[in-house]
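All remarks here apply to the structure that follows.
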Amino acid sequence: MASAEASSIAPTPLLKDELDIVIPTIRNLDFLEMWRPFFQPYHLIIVQDGDPSKVIKVPEGFDYELYNRNDINRILGPKASCISFKDSACRCFGYMVSKKKYIYTIDDDCFVAKDPSGKSINALEQHIKNLLCPSTPHFFNTLYDPYREGADFVRGYPFSLREGAKTAVSHGLWLNIPDYDAPTQLVKPRERNTRYVDMVLTIPKGTLFPMCGMNLAFDRELIGPAMYFGLMGDGQPIGRYDDMWAGWCVKVICDHLGLGVKTGLPYIWHSKASNPFVNLKKEYKGIFWQEEIIPFFQSAVLPKECTSVQQCYLELSKQVKEKLSKVDPYFDKLADAMVTWIDAWDELNAEAASAKLSNGKA
């Protein structure tokens, strides 16, 4: 009888008390109903963009905190200038105020995908698995992720490297609407991604990638301060490069600190394509600028004295100011915002750490 009762108890979700789900939004969060079986046990941080007087409705039964622009201004004071407005880049405020070790962030137009057998994919669970096992940034394993069930290191893989590196980032993908830039959207308006590839790869050391923030998880303690989504949206000359900017910074710092970044599973179902003409206006300058930004990151070298994420990030901000300001004055402003972001992160998280300490003593 006891064993029958035990088997009917649902297993505790992975990292239930160690992970926050961060969602940027301007609308009611009806999409959470579909995610309820997977998200309900976790704490949500909702970052409301746009008009702070608008009331965002969240389905009942979710444990959440919601921040709008007024809250961001109140909490950060003058440092709130580093948080973008009228752009999903505002999500990084959620990373800053989280008290958890891990973050999963998802867009509100991303639904539960199905695998080829028709089973609903628990994207969060797969991200957690990716983060909890090592990466292989220093030597490529041709049989994909060697730590997954049914896989291993192939012949010729050095035994000295088989312990791998800690995984800092798990970058998930999308079925249905692919994450294309505006020119590609315009050329291929009807293209849909229908291919489910059962694969997780470590992105090799020294290789950059275009990080998409709509289905992304990371270890906040390992890389959190580098997950700044830049200055985008209202009052800025560029948009839709927020997650990519963060991804380039993160990858350079992960490579320097010996951390790993994975991409591949899990998939979500990306439900709606954004307007390619609106996107083109946002991306226009970035399409030109990236031809200089990417070589900058490819050649960026961090001194060995930089041993923390904060030190690495501040060093990168100096190099951005020195080398990218000639591309456009915007990068001068962005470099200053990167410093403000680190100041705000350290200030907020020092308060959280001291509160934790005093609670511990009590």
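FYI, residue positions are counted from 1 along the chain as it appears here.
Just so it is clear, glycine is given a Cβ too, placed from its N, Cα and C backbone atoms.
If you check TrEMBL, you get these features:
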SITE      R155  site 'Required for activity'
CARBOHYD  R155  N-linked glycosylation site
SITE      R162  site 'Required for activity'
Cβ-based isolation winner (fewest other Cβ atoms within 10 Å) among the recorded sites R155, R162: R155
R155 (site 'Required for activity') and R162 (site 'Required for activity'), Cα-Cα, nearest whole angstrom: 12
